[in-house]
Every structure is written in C-alpha cells, then in structure tokens.
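> What follows is a single structure, and I will ask about it in a moment.
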Amino acid sequence: MGRLFGTDGVRGVANRELTPELVLALGAAAARCLANSGEPGRRVAVIGRDPRASGEMLEAAVIAGLTSAGVDALRVGVLPTPAVAYLTGAYDADFGVMISASHNPMVDNGIKIFGPGGHKLDDDTEDQIEDLVTGGPGLRPAGVAIGRVIDAEDATERYLRHVGKASTIRLDGLTVVVDCAHGAASSAAPRAYRAAGARVIAINADPNGININDRCGSTDLGSLRSAVLAHRADLGLAHDGDADRCLAVDANGDLVDGDAIMVVLALAMQEAGELSSNTLVTTVMSNLGLHLAMRSVGVIVRTTDVGDRYVLEELRAGDFSLGGEQSGHIVMPALGSTGDGIITGLRLMTRMVQTSSSLAALASAMRALPQVLINVEVADKTTAAAAPLVQTAVETAEVELGNTGRILLRPSGTEPMIRVMVEAAEEDVAHRVATRVAAAVSAQGSPLRCWNPDAISGVELRL
C-alpha cells in the first residue's frame, strides 16, 4: 500500500477508493493523533464539506470516526475549504476536517485535515495518522466520553465577517461575474462580493451534488468569459469546487492566472510596505514572466515544489506575507492560514478600485512567456516518468529550448497523471516540444487520455 496522503490530503473515487470504512478510520486516527494534548476537557473538531453527492455519506463516516474516539464534531455544513481552516481557529477547535476533492470531478472526493489554528499538517503528522489507521481503532471510550455532534449555526456568518476584512475600501461601481463551479462557494462568494459593494452576477451557483466542476469554475473558463462579455462586466472571477482557488478574466475575457494575480498583489503590498522581506513565494510552475516582472521592481522570488502546502511551509518558515501558485491558490498569512479564493477576489478588486485601473492594465505588469501545460493520464506515474523514452524526450527538449525556455515534467500529487509544462520564446515552439514529450509519456504503460492545459482552455490535444 502506498502513502495514503497526497499533496493535498487523501483523495480517490468516493465509495470505491475513498470508502466510508477508510474515512471512519481516518476520522478516528486524526482524533487520536490531534486531540490528545493540552488541558483536560472536551475535544472538538470542525467538519465541513463541499456539495458533491458523496459528501453526505463521507461526512457521516468522519463524524462516526471522530465521535467514536471521544471527539465532539462541530458540523459547519457546506462551506469553502478556507472557511473550515479559519473556523478551526475561530472556534478554538483541536483540528478541522474538510470533505472535498477541490477541482476534481464529482465522482472523486477527499479528506483534508487542518491542525490547531487551521494550519495544514506536516508530513510527520500525516505519517502518524496513517500509522494509526493501519494499526486499528485502539481503545474506544464509552458512556459520556463518546463524542457528540453539534451544528454550528453561526459558521457562515462568522466566515463572511472574516473575509469581509480583506476589502479595505468599498467596491461600489464595480461589476463582477463570479463562477462558483456549483461548489462550496455558491452562496458565500456572491454574498461576500455584494457585501463589499460590488454589483455581482453569479453563474454556476446552483449545486445539486452532481454538477460540481462540470464544465465550469476555475477548470473551464468558457462560460465565465461569455458572461463577462455579455454583461460588459469589469472582470470575472472563477473558483473551484472548494473555493481555495481564484482565477480571473479581464473585461475582454482574457485570462488573468495565479501568476498575474500574484504580481498585481505583490506590487500593491510592496507599495503599502506590507510585502515582508520584499519577497514573493511561488512554485516551480510559475511562468518565467513572473520572475522577470518581480526582478524589475526588486522583489525576491522564492520557489518551492508544486503544492500550496509547500508554499505555506515556506511562508511560515520565512515569515513572508504573500505566496501562491499559477493555478490560483493565493496565500496571504495575515488574512488566513491557507489559500482563500474569495479573499483573493476581494483583494484583486480592491486594487482595481484603489488605482482606478482596469484588470487588464494591472495584469500588464507581467508579460508571460508562451507556456503550454499538457496533463497526461497514465496508469503508473512513477514508471512513466522514469521511462527511458520519456527521459530521452526531455533531454532533447532541453537542448532545443536552450536558455530561452524550460521544460518541467512532474507527477500530479492528487490525480493519476503527469504534467508536462513547456515555456519558450515562441508559442509554436512550446506547443511542438510539449506535444512531443507528452506523446512519449502517453506511450508508457496503459495511456488513458491527454488534454491541455489544466483544463483551463478546454482544448484537447489528440496525440
């Protein structure tokens, strides 16, 4: 059995890989690991979920695991992942559990666990939980020591008050289209943006348990682009299923990705004296254009492996104030312990109003090099990445790109796929090189399918 935890919790096909039995064991193990220290008294865990159909089943399983280990379950219902992280600290809970597979299809689900204060767990703590899962349930309490279930009636309002602090000025006069991905932010995001003064047009905000992330949200911007143009909006914001991401499109429908958002926010924070150590933290996936834009204004860029958890670790280690990923995970520790798509949207709109600038004008501070990202589904990520044919294709690509571009090949931490990313001075070169390397990856093992780029464009590449 491989490691249970990936880069963003435990994920799998609900009821097949992520079974109620496994989730019950995870809940009990988390309770035993995270709720056995501190002063005597009742132990409490916050539990939330996104609206996908399997969430109700898995919520029941998590609650059974928690309460069977003597921990009270404080149920907050359908809310974004960053809401669960925030509420874990706000309620002074021992830990928090979010049931979500983020941007994944509805057939999947996942378990994310937050430690005290709403911080993501480190590898050692995850390993301890895994050991407890495989070691059995341990001694179970009885009688009054069994955990209880409590519904947190004020959870949504508490969270909305929290995110409202991200907008320091009124957004009156700004029109925004928000694509909620039929996900956890379908209610919270429009409410937060309206409370800040913006005119809000919400789309894909009618979750039925089945339609989450279905041709909408941050993984498919087609409907957002159309709505922005149709309503002549100032911008569009797209969240994923659990709203820890935010991507944007400008008034022309052009993408403003996480890299460009980070550049906009870094410049704003630098101007306000809030960019700690004049440093931005991002991952190896960020476009070279981000590095060039930051270098031109004297901002230091620190790079981590892919995954917001690694960005968070670097932010905490260096006491930095801004970090994120190209995919739209943006983290500002002063405003939350993890990435929050709604807060990102509010800060972006605040900058537009402060400077009386269009989003396109703000985003022009960064000139992105042509980048092609191809996701190749494979049966075995490790074997495919290490295959001689693939390594040869990568080496050939590196020679062709020279010092005017780069190639990055990495297994996904949350899905059965390998990501092929190529940047080059010319778009046709990037496409040609990426397609050739992706074909080599696809030829390994039992190839399933290939598409480009992280579903943002929705354009499939036939290899």
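Any Cβ shown, glycine's included, is placed from N, Cα and C.
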> To which of Ser54, Ser68, Ser102, Ser412 does Swiss-Prot also attribute binding of Mg(2+) at the site defined by Asp240, Asp242, Asp244?
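Looking through Ser54, Ser68, Ser102, Ser412, the residue Swiss-Prot assigns to the Mg(2+) site is Ser102.
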> Setting Ser102, Asp240, Asp242, Asp244 aside, what same-chain residues sit with their Cβ within 8 Å of the center of the Cβ atoms that define the Mg(2+) site, listed in sequence order?
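Other same-chain residues with Cβ inside the cutoff are Asp50, Pro80, Thr81, Ser100, His103, Gly183, Ala184, His239, Gly241, Ala243, Arg245, Gly341.
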> Run through the Cβ atoms and count how many others sit within 10 Å of the one on Ser102 (Mg(2+) binding site).
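Summing over all protein chains shown, Ser102 (Mg(2+) binding site) has 28 other Cβ atoms within 10 Å.
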